[in-house]
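The domain 'Orotidine 5'-phosphate decarboxylase' feature in TrEMBL is assigned to 5-230. Annotated substrate binding site per TrEMBL: ASP11, LYS33, 60-69, THR124, ARG185, GLN194, 214-215, in sequence order. Annotation source TrEMBL lists active site, for OMPdecase activity at ASP60, LYS62, ASP65. Feature annotation from TrEMBL assigns active site, proton donor to LYS62.
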Amino acid sequence: MTTNPVFCAIDAPTRDEAKRLIDVVAGAVGGIKLGLEFFMAEGPAGIREVRPTGVPLFLDIKLHDIPNTVAGAIRSVVPLSPAYITLHASGGRAMMQAAAEAAASEADKLGVPRPKLLGVTVLTSLDVADLEAVGQGMEVAGQVERLARLAEASGLDGVVCSPREIARLRRVLKPATVLMVPGIRPAGADAGDQKRVMTPQEAMEAGATHLVIGRPITGAADPAAAARAIAADLGLALDAGAAAPTSPVP
Ligand code: C5P
């Protein structure tokens, strides 16, 4: 079966709420994304409790510290067997290299799959004036490209990017480099606070490898049906009423 590229953003504050959503959508998405809010409140134990066996996990914890500390943080979460972990590319080459080495060696030691590491470039909440204020006085797209190239050259597996950045990054990064893309809205869905959106098909055609989709699934009256409709739009065949997860994303 073609792999399902959709990671459902579970932006829920409590274990109960997260578990309820995950159990409903797990069979119709490629994986789930849990971020800082959940991780800070519930920690690794919370993740173990809410994640069904076999469902790929995107651990969006946006690490940024000195290389030794980030490497240690990566080692601390490898036992959770996340498929993807995020770190800030602006942490620099040595930090990213240390993280990549830690992910590989710890996974090897524990006999679990190596988590793929994704660089966060410029947060979409920042504009050119914000970059200027922190001493990175260049246009946003240029800074995104610079950091994405650095992430790739430092041994990361890919980057998180907005729909507007897919085409430019696809031109300059290796074909195998992961582009994990939030800001996705199925045709007709409410954009909410996302300013520039693409449909799932548009983003995949532009060169995304994975899609992060939250509220269009989790806020739907029937989240499982919403996730299945997105999969169908992407041309993926799901078992009707499937309770088991679709094939994990490689
Ligand atoms: O609900 P929605 O589909 O907008 O959720 C998108 C998810 O991706 C959220 O968890 C959000 O924090 C995350 N995200 C984003 N834009 C970025 C980076 C992450 O929307 N630039």
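Glycine is no exception: its Cβ is also placed from the backbone N, Cα and C atoms.
Overlay of TrEMBL feature records on the structure.
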| residue | record | DSSP class |
| --- | --- | --- |
| ASP11 | substrate binding site | coil |
| ASP60 | active site, for OMPdecase activity | strand |
| ASP65 | active site, for OMPdecase activity | coil |
| THR124 | substrate binding site | coil |
| GLY214 | substrate binding site | coil |
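In sequence order, VAL70, LEU87, HIS88, SER90, GLY91, MET95 constitute the residues six or more apart from HIS64 (substrate binding site) in its chain with CB-CB distances below 8 Å.
Taken as a whole, the domain 'Orotidine 5'-phosphate decarboxylase' (5-230) shows an average pLDDT of 95 in this prediction. For ligand 1, the neighbouring recorded positions among ASP11, ASP60, ILE61, LYS62, HIS64, PRO67 are ASP11, by Cβ distance under 6 Å. Note: the Cα of ASP11 (substrate binding site) and the Cα of ASP60 (active site, for OMPdecase activity) are spaced 11 Å from each other. Cβ neighbour count for ASP11 (substrate binding site) (all protein chains, 10 Å cutoff from its Cβ): 17.
The number of other CB atoms found within 10 A of the CB of GLY214 (substrate binding site), across every protein chain shown, is 19.
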